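What TrEMBL says about this protein:
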| type | residues | note |
| --- | --- | --- |
| SITE | Arg93 | site 'Transition state stabilizer' |
| BINDING | His138, Asp145, His227 | Zn(2+) binding site |
| ACT_SITE | Glu224 | active site, proton donor/acceptor |
Amino acid sequence: MMMCMLASASAGAGQDFKVERRRPDNFVDVARAIPKMQFDIRYYSAHNFVGRRVHGYEQAACLLTGPAVAALKKVEDQLLPMGLTLKAYDCYRPQSAVDDFVSWAADTQDNRMQAEFYPSVRKDRLFEQGYIAAHSGHSRGSTIDLTLVPVNSVIPGFDGRLADCAAPQEKRVPDNSLDFGTGFDCFSPASHPDYQAISAQAKANRRLLQSLMGSAGFVPLETEWWHFTLKNEPYPDTYFDFPVRPVSP
């Protein structure tokens, strides 16, 4: 699909960035490319810090650029002999979803999910502390939020009960993820990859994930153990805003 329909938008601090509203042909449905990988697309569900489906998520699909998928498959191929597989929480994220986060953050009266995702942070400080921003690398199509899970394990359903995301694993909301010290999207310093006050096993799991992803060409984010961006991403300056739904083969 030809690159067109570009718009300019404010990225904060006086910066501009390009918004592309059509999907390029090299975006891939990851479930088709990596069949044993699991997908727990949180922003399609109500189990996220907003507490409802996020704008732009029409289906629970994981889309990434072709180069990102090729690199991710290298990681998966190393994990399978260990009895492990990747599980994605989020992949490509439309700019409209990021805008939805910004609008949600401005409504300081809506704290329905605070007990799980930001129990120790005031909502009116989420921007200041960097947990919410006006744009995201996810919108460029080569960033993924993911974890490690046992092959053939079952993703637990969400029953609406909340628990502190930084609590010990057995006290958090159930997830089939290995223990990484916090749950996904935990707005806490404990989510920083180099945070030390977690169990030895959680530290080892973080090292394994970072090592495998780094070897495949992904760069971590210093504040989120689950977040990785392909170093040589094909669209470093373009933020996409087409809806999330499966890509036809």
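Cβ coordinates come from backbone N, Cα and C, glycine included.
Automatic, uncurated: that is what TrEMBL annotation is.
Feature annotations (TrEMBL) mapped to structure.
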residue: Arg93; record: site 'Transition state stabilizer'; DSSP (3 states): coil
residue: His138; record: Zn(2+) binding site; DSSP (3 states): helix
residue: Asp145; record: Zn(2+) binding site; DSSP (3 states): strand
residue: Glu224; record: active site, proton donor/acceptor; DSSP (3 states): strand
Let's check the environment of Arg93 (site 'Transition state stabilizer'): how many other CB atoms sit within 10 Å of its CB?
28
Greatest C-beta neighbour count within 10 angstroms, which of the recorded positions Asp145, Glu224:
Asp145
What count of other C-beta atoms do you get within 10 angstroms of the C-beta of His227 (Zn(2+) binding site), across all chains shown?
25
Quick one: pull the CA-CA distance for His138 (Zn(2+) binding site) versus the residue listed as 'active site, proton donor/acceptor', whole Å only.
13
Taking the center of the Cβ atoms of His138, Asp145, His227 at the recorded Zn(2+) site, which other residues in this chain have a Cβ no more than 8 Å from that point?
Tyr89, Asp90, Cys91, Arg93, Ser136, Gly137, Thr143, Ile144, Leu146, Leu221, Glu224, Trp226, Phe228, Thr229
Which number gives the other C-beta atoms within 10 angstroms of the C-beta of His138 (Zn(2+) binding site), all protein chains shown included?
24
Rounded Cα distance, in Å, between Asp145 (Zn(2+) binding site) and the residue listed as 'active site, proton donor/acceptor' is 9
What does the structure give for the C-alpha distance between Glu224 (active site, proton donor/acceptor) and Arg93 (site 'Transition state stabilizer')? Integer Å is fine.
16
His227 (Zn(2+) binding site) and Arg93 (site 'Transition state stabilizer'), Cα-Cα, nearest whole angstrom:
13
